[in-house]
């Protein structure tokens, strides 16, 4: 009877393209070795990743510091590698700006938040002076989060029980007045998460309550006070109007729970996982509707698929490793290797071995061509709103891009990219009003045309002798000459990658020219017929 009940809720076979997803650890030479990972016991990721860099909080005598390593600079790290070391207390959290791959925020026990500019060339000395310093908290700052769609909006949470909203769109180097202070908590905030357009903020607090907050109004819309679930981390599940939380049960078992965003009185489901004491970090991929639960202090990564109807949470598989992780980083979708059918990538911090190990989640496919069904349009590197627009009450979802090679810019290079054209956003909203998502082909055509316009403008602005000085976002004229064999190899690999990319670009441009000629011919034919 019990078995049949379980089978009815958890069917043995489900039709899902992600049923056979597996985790693949990187080989030793593709790991980051000899990295002095922090020994701090604070419950955070301690790692932040984007397509250009991996940042990790490190051990430092006197004050706090973190390392910023170029993403392709794998292997053993030089023990004298430069640090970002301007904090007077331990660094507790670091986050990359989602719209600028060369800007990172950090917070610390010294009660400050600092914004850092990372140079495009390889670091040659320590960076001690931040671009901006945010002074408002009176106790240590444990969490920071960038707004998902508005440019230059940063949230910080401190041990003074306050969440502060900062507008960085100012020339001031020191900002002491946040634009808003959320004073809705009676204890330390343990976790913050935004919905897709950033109009709602979910928080988990040490008082065991989950709160749903309108960040601009500062009002609490919903509050969960469920006695049998002691919450640690909370996560918005995209636009499915659900929240996911991890915590512990009354018997101190590690537990997960799913909540209806509009009714937080009782969870839709709760499930005990095991009796371990480590924290559970949740990650959600709204493109594939896959949920990953990473255990701190063990080496396992469980992954599920979210469905709109019962049982809501469908267990897929578990990645096992004997090496426990202290923290974890996550690569944005635009940095994945789509040719290998990679749908997610973690960076696992292993302090016992001073190692950072990339782990790729892969969908097994025989074909080597681009797999359109597992790569829908995804969040790009351009903001949908300015800081002031969001503060004035405007809501917009993220601007989407295709991950298909050659379909447009998916990296964040602020020195060349212009603000997203208004026409593109208008076209996208028109398509959505007409009953559905923008077709992939239309999005690709739009992004291809905009890509060509940007490159033409870029070439017009640059002198001829400087038009080809960029290599994967690094200015080769600013790069110091390699001093070690490892640096020489890294520069060689980067140049090889740049040559391969340029060849692909030339081939793609030929195809795009032919497509435009065909579209022009069709347009002339249609005009003639009218």
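Keep in mind that glycine also has a Cβ here, set from the backbone N, Cα and C atoms.
Taken straight from TrEMBL:
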DOMAIN    11-75  domain 'DUF1899'
REPEAT    84-118  repeat 'WD'
REPEAT    134-176  repeat 'WD'
REPEAT    182-223  repeat 'WD'
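Sorting the repeat 'WD' (182-223) by DSSP state (H, G, I as helix; E, B as strand; all else coil) yields 0 helix, 22 strand, 20 coil. Mapped onto DSSP helix, strand and coil, the repeat 'WD' (84-118) counts 0 helix, 22 strand, 13 coil. Taking Cβ pairs closer than 8 Å, the repeat 'WD' (134-176) reaches residues 42, 44, 89, 92-99, 105-115, 182-194, 196-198, 201, 203, 215, 379, 383-391, 396-398 in its own chain, all 6 or more past its ends.
According to DSSP, the secondary structure content of the repeat 'WD' (134-176) in residues is 0 helix, 22 strand, 21 coil.
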